[in-house]
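Features reported for this protein in Swiss-Prot:
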ACT_SITE  CYS261  active site, nucleophile
ACT_SITE  HIS346  active site
ACT_SITE  GLU348  active site
BINDING   SER52, GLY233, GLY235, LEU262, GLN265, ASN303, GLY305, TYR306  L-glutamine binding site
DOMAIN    185-371  domain 'Glutamine amidotransferase type-1'
REGION    1-186  region 'CPSase'
Amino acid sequence: MDYYNNDTPGYVYLEDGTLMKGIGFGAKGIRVGEIVFTTSMNGYPESLTDPSYKGQILVITHPLIGNYGVPEKNYVNGILTNFESERIQAEGLVISELTEPFKWNSKQTLHEWLLSEGIPGVYGIDTRAVVKRVRSRGVMMGIIASGVEVNNPEEYLKKKYDEMNFIQYTSPKAPIIHQGKTGDVVVVVDCGIKHGILYQLYLRGFTVVRVPCNYSADKIMDFYPKGLLFSNGPGNPNLLTDLVKNFREIIEYNLPTLGICLGHQIATMALGGKVKKMKFGHRAINKPVIDTTTGKSYITTHNHGYAILSKQDVPIHTRVWFYNPDDGTVEGWIHEKYNIITTQFHPEARPGPWDVTWVFDKFKKMVVGDA
């Protein structure tokens with residue numbers, strides 16, 4: 001619905017030379033990023049603020065976006081309950097139709113939100129065509145432009161997503177403490193954690209200490225943690241050699257440890273497993289996983305472009321905990337020597353189903369000694 005201004009030109013330029021014209025909204029400008037898509041029907045405030053989307057241009061396949069607007073931020077003990085970080089992390093947004101909001105708690109439109117945060121958007125794009133191209137050719141770099149023409153796109157596209165370290169922008173510069181109801185401290189090695197994960201830890205009474213991702217094992221142990229969580233985050237995990245080294249050092253303390261998404265990948269590489277780039281990744285809120293310990297199937301939220309592609313790539317002394325029946329990717333493992341569990345998917349969802357929030361209950365039992 002053209003409810004604010006339909007005169008702003010918008011462009012999406014793909015690395016393979018494809019140029020698509022639409023209508024710009026949000027902030028005017030040009031952004032460059034890896035073109036990725038999500039099939040989620042809702043949850044655009046959470047998706048856009050997910051730090052894992054740093055460096056990426058998000059294409060949403062659902063045709064109607066914006067119809068419930070953008071709510072006011074809500075905090076519990078410094079933790080956002082309706083956004084995944086303090087700001088939009090994606091480089092830009094590509095959608096089919098921008099709709100006028102109609103919901104009681106909407107404080108601004110999607111256009112106003114993107115405008116206030118300096119993020120360009122383009123609508124009126126055949127998102128199905130974009131997705132078909134990405135699915136057949138794989139993820140690629142792209143340019144999004146709102147109200148500005150793109151000259152010399154080849155110059156912009158010299159940047160390569162796989163070669164850039166994005167966690168320097170999403171990891172905190174100093175420790176952040178969220179006081180819980182108990183004295184049980186969980187240190188989060190924060191590569192760009194979603195607030196949904198923080199909230200699940202808070203609900204279980206933990207005092208959460210978020211530390212920069214480059215913190216050494218000695219600095220982490222200064223907080224006397226009873227458990228560790230290695231968080232999600234953006235970018236190519238194979239570039240994060242220092243973080244892998246730190247993980248190898250900290251696991252010698254044998255603390256109960258949970259790795260989620262990027263944290264799962266870091267743990268995998270630290271213990272000798274292999275993490276590889278996927279053709280177009282998993283980004284959706286309806287991905288199935290099978291729990292090998294029970295045989296049960298769960299519907300889960302995914303946002304990752306790298307993965308353990310087969311059971312042969314898991315670390316030694318681990319057993320596969322979850323796998324995706326669609327393509328066989330390993331979605332979690334349990335270590336047989338160290339007190340470590342991991343999930344590639346997001347057990348906190350946000351957005352998505354709450355089928356596997358019990359993973360945090362399992363982690364709590366590990367921390368308090370009942371596992």
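Just so it is clear, glycine is given a Cβ too, placed from its N, Cα and C backbone atoms.
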| message | Can you give me the residues near the recorded L-glutamine site, meaning same chain, not SER52, GLY233, GLY235, LEU262, GLN265, ASN303, GLY305, TYR306 themselves, Cβ no more than 8 Å from the center of the site's Cβ atoms? | response | ASN232, PRO234, PRO237, CYS261, HIS304
| said: Tell me which of the active-site residues CYS261, HIS346, GLU348 ends up closest to SER52 (L-glutamine binding site) in space, Cα to Cα. | reply: CYS261
| said: Please list, in sequence order, the residues in the chain of TYR306 (L-glutamine binding site) that are at least six apart in sequence and whose C-beta is under 8 Å away from its C-beta. | reply: ASN236, PRO237, ASN238, GLN265, VAL275, LYS276, LYS277, MET278, GLY281
| field | Secondary-structure category, per DSSP, in which TYR306 (L-glutamine binding site) falls | value | strand
| field | Residue among recorded positions GLY233, GLY235, CYS261, LEU262, GLY305 with Cα closest to the Cα of GLU348 (active site) | value | CYS261
| field | Those residues of the chain, 6+ apart, with a Cβ under 8 Å from that of LEU262 (L-glutamine binding site) | value | SER52, CYS191, GLY192, PHE230, SER231, ASN232, GLY233, PRO234, GLY235, PRO237, HIS304
| remark: Cβ density check for GLY305 (L-glutamine binding site), other Cβ within 10 Å (all protein chains) comes to 23
| note | Reduced DSSP state (H/G/I helix, E/B strand, rest coil) at HIS346 (active site) is strand
| request: Write down the Cα-Cα distance for CYS261 (active site, nucleophile) and HIS346 (active site), rounded and given in Å. | output: 7
| note | In all the protein chains shown, the tally of other Cβ atoms within 10 Å of the Cβ of SER52 (L-glutamine binding site) is 29
| Where the record says SER52, GLY233, GLY235, LEU262, GLN265, ASN303, GLY305, TYR306 bind L-glutamine, what is the longest distance in Å from one Cα to another among those residues? | 13
